[in-house]
Structures are given as structure tokens and as C-alpha cells.
Amino acid sequence: MRKFSSFISQKGFLFKLGLFICAFWIFVVIFVPLIATHSTTAQDLSIRYQPPSFSHFFGTDELGRDVFSRVMYGSRISLSAGIITVIIAFSFGIFFGGIAGYKGGKVDEVMMRFSELIMAFPPLILAMVIAAALGPSIINSVIAMAIIWWPNYARLMRSMVISLKESEYVTASRVMGASHIRVLFLEILPNSFGPLLVMATLDLGNAILMFSGLSFLGLGTQPPTPEWGSMVSDGAKVIQNWWVSTFPGLAIFSISIGANFVGDGLRDFLDPKLQKE
Amino acid sequence: MTLLRVEDLTIKFKSRQGVVKAVDKLNFELAQGSSLGIVGESGSGKSVTSLTIMGLLQNANTEITGNIDFDGLDLLKLSPNEMRKIRGNSISMIFQEPMTSLNPLHTCGKQIMEPILIHQKDVSKQEAKNHAIELLRMVGIPSPEQRFHEYPHQMSGGMRQRIMIAIALACNTKLLIADEPTTALDVTIQAQILDLMNSLKKKRDMSIIMITHDLGVVKEMCEKVVVMYTGQIVEKSPTELVFTDPLHPYTRGLLNAIPKISSKVERLEAIEGTVPDALNMPSGCSFHPRCKYATEKCKLKAPPLFQLEDGREVKCFIYDGSKKGDDVNATK
């Protein structure tokens, strides 16, 4: 049997790097009270816009708050918002697109037009409308983002299913008496996982960015809660004090690229043909 | 005992250009433990027939009439769920392409276990696994315990076809439909697979429908042959007689088109023309535009299936009222 540990050792540097980055952020999320050096909300206007130093690793922002501590604490909100959004959109999208592609015909037509209805609106605007209607909170913005995000997965899944449902092994498993549900979820779904997984890991970064967009508009987190996206946008106003936006930006960058490397490697792990013996 | 009786099976497809008759009034019987070859070129309705027997050809644009009686059940009247219980259980099918008929993401063992777990609810996973290993051994795969855990891409074409056979035989199969099972394999492997199927047929007393356009395979495997052309049976007879004394001009054409190792000919003989367009069938006998013996009568009227005295059936006016096709030479 294939073991994940032996798989890691055969994989290249990028996969290990991605794994390391993800492990690092998970560690931070869990142990952040031990890592943070300052309170995230303590203001001290006498030290505003301090460049990075030994007392403030990432410098301080316009209210004199410690950027390092805020980035570390921000991981809890940004990461969970991003991950939960992608998971909801991913699961619903596969389910929806899978049924549309497998059923075909009128069912497909109606379901896909419905998904296009959602895609027809500019994503951020629609998310804003939904989040505003539900009332500003982290959970509501996550729901709003999932609602505008799932059609991407549904469309990808549908196109995979349409091509795979004609494959011989699907007919072969119908012939041996498999039900439609079994064919769709045990035969077709695993074979369409690769592209979906890569898309999901790429979307993680996008979801964090969009969440920060909503927060910036006052629909996600409220200040002074530390959140990467709003920290980037705060810092963008004072670009000469580069550290204010650079470090949260780097955090977003690192997690999206780390997730993507891991996703890429996982796809290979799921494909037995790419296994070395 | 008759296991399968197909009566007046007619399959029509509705397309934008019109209605296509893929299979027209098909009649045949298959006794338990015997084997039947269905021969014909592409588009003659062989595969459509087999998919219909499997109950996989049900959609809004398909119209199926007639009867398929299998072991006392009328397959065309069963609900999709009842049909699903028969598929893979008492009727199984193997396909032409062993390369693509296995799911690349599941181990071969898992795929053999699947029909067992689907159809026999009281079997535990461990029992199913033991049975699957037993099946692997039966189809002649060396070190089955190890092969059980391997993926389809780690096996050769012949081995994959053996896996397909193992899957098809995982439950108590009474009827095996083999849709060109050896077309994608090279000759030596082909011979091995056919031997395997023959021995399994004897061992399990099952019936085989062999769908092929390879007459050599038919000679090896089948007791009876049905020759199909444009969805109709043109000749039905025991296998030896098809080769020694073919009746229908089309069958003769098929046999003449086989290259022989003994004779030195530059060009192979071919049947003139092509299969007619399904939407635009010729009047009368559908073979007359390509037939050497065609008369005016053939253009006007489609011949019925004439039954000869020795029990053979042929769809050609040449045999109208005659015992055997002696007057063929006269028409020449």
C-alpha cells in the first residue's frame, strides 16, 4: 500500500516547502498566544509607524500597534474564513456540477443557467449585497463568499463529468450493476479530483483576499480585529511605511503558494500513475 | 434449456434527421451452456443489441419493441432497479478495450470486489477479497495476492482483459456478453483469452454471446452464428456450415475477404460498396446494391428469412423454395 510518508520523501522540493508553510501556519494558528509579543489592540500613538526593530519585529502601524502580533493573530481569522469558504463552495460545487453533468439534458440546462445567474454579477458586489443583507459578521461574509464561489467548481466539475461519463470504465461499472450514485461518486468523482483540487488550493488565496475586501467595506471583521486583508489595505494608504502592508501581504502570499504546492502534490498522490514504485 | 430468447427485437433511434432503425426484427435463441456468435461489420447493430440485453439503452430517444426473455424474465419490462440487480449478477459483459474499461484510480482487486459487494449484501469485505483473489487465480493471473493491490496501468493488455473477465464472472453469471473481447489484443494473447473463456464456459456451464467481426474468433468459440447486416439477420446457422457452405451472398463476401495463408493473391477480395446510410436505406433487400446476385425482385421486395431443411435460416430470395443454394451457380 502507498504510504503518505514515503510519498513525501519521493516528492520534490516544492511539495515539501508547501507542506512546511502550511504546517507553519497551522502551528501559528494554534499557538499564537505564545508567539505574539504584544497585544493586538494596544495603541500607543507615540510609536506610530516605527520601522521593524527588535522590539517590534514587523514595525508598528498608524495607531502604534505591533504589526507582528497582528499578523500572527490575523492568521486565525483569515485562514479559517478562507478555508471554510473554499470547503463550502467546493463541496456544493462538486455536488451541483456532478449532478448537472451526469444527468445532462434539461436538468443540466436549468442547473447551469442558475449557476450562470450567479456568475453574471460582479463577484465582490454580489458578495457585498448578500453579506449586507445577512448582516455584517464573519460567518455571514463566509456564507456570502461561498454563494458566489461555488459556480466555478460546479462548472469545472460538470465539464469533467461530461467527458468522463462517456468513458469505458463508467459503462463497465454500469454493466456490473452499479447504481447512478455509485458511478458518479465512486467512479467519476475520484477521476475528476485533480483539477478541482488545484483550483481549490489556488482559490484559497483569492478567498482570503476577497474576505479582506469585505472586511475593508465593514462587512466582515470589524476594526480593531486583526485581519490580513484589512491590514494590507490600511498600509496601502501609507506606502512609504512599507512594513505595514508588506508583512500581512507576505502572509497571504505564503499561504496561497504553500496551499498550491501542497494541492499540486496531493493531486499526484491521488493519481496512481504518477507513483514511483 | 433455453436461457435467452430474443423475439422480434426492434430498436429505433430518433434523431434530428429522422428515425433510424438500428435493429430490425431480431430473433434468436441461446441455450444454457452454449455459445452464439454475432457477426457483422460496423453499424450492423451488434453492439446495440448487446447493450439492449444489458438494459443500458434506455432513454427518451430510443424506442425498443419486442421481447427479451432471459431465464423466465422479460428484460424489457423490468424496472431500472430490477434490471440493475441482474446486470453484473446473472448477465455480465466484457468490452473491446481492456485499456480503458478499468477505472485507473482503483486497484484491480477493488474493482473485482465491487460487483460482489453490490450484489451479495451478506458477504463481508474479507470474504469478498478472498473470492476476488480466487477469481484472479482462476483467470490465470500469477501471484494474485500481490496483483490484487495493483493498479490497471501496472498490467498489460492481456492481463487487464483477464481482470475484466474476472469482474464479469465475480457473481453467478449465467450469460456473458463479450463485445469484441480480443480486438485490442495481439494474436497470442487473443488465443490465451479465448482458451480461458472456453474453459470457463465449460466449468461454469454458462452461455456466451460473442460479438465480433473476426470470423476466426467465431470458429474458435461458437456453436452457432448469426450474421447481421443493417440491423437484420441475414443468416443463421451452425458454425462449421458457415465456413464450409455459406449461404447468403454477404456471408460469402465476408469469407472471401479473409486473407488465406495458402493462396498467393495480390489483392484481397472485398464486398463492393459500403454499408448504406441508416437514414437512407435502399428499397427491398438492404444488401441488393452490393450483391452480385441481385435481381429486379430484390430491389422491390425485402426477402423474408427462409428456413432451409437442415434448420438453417437465410434472408435471400435465392433460397426461395429450394433445399439448398444450388441455384446460386445458375444465377451466376
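Including glycine, each Cβ sits where the backbone N, Cα and C put it.
Taken verbatim from TrEMBL:
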TRANSMEM  A:12-36  transmembrane segment
DOMAIN    A:75-263  domain 'ABC transmembrane type-1'
TRANSMEM  A:77-102  transmembrane segment
TRANSMEM  A:123-149  transmembrane segment
TRANSMEM  A:196-219  transmembrane segment
TRANSMEM  A:239-263  transmembrane segment
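Here the transmembrane segment (A:12-36) has Cβ contacts under 8 Å with residues 66, 68-69, 72-73, 75-76, 79-80, 254-255, 257-265 of the same chain, all six or more residues outside its ends.
Comparing A:123-149, A:196-219, A:239-263 for CB pairs under 8 angstroms to the transmembrane segment (A:77-102), the maximum falls on A:196-219. With a threshold of 8 Å between CB atoms, the same-chain residues lying at least 6 positions outside the transmembrane segment (A:239-263) that come near it are 14-15, 17-22, 25, 49, 51-52, 58-59, 61-62, 67-68, 70-71, 74-75, 78-79, 82, 197-198, 200-202, 204-206, 208-209, 212, 228-229, 231-233.
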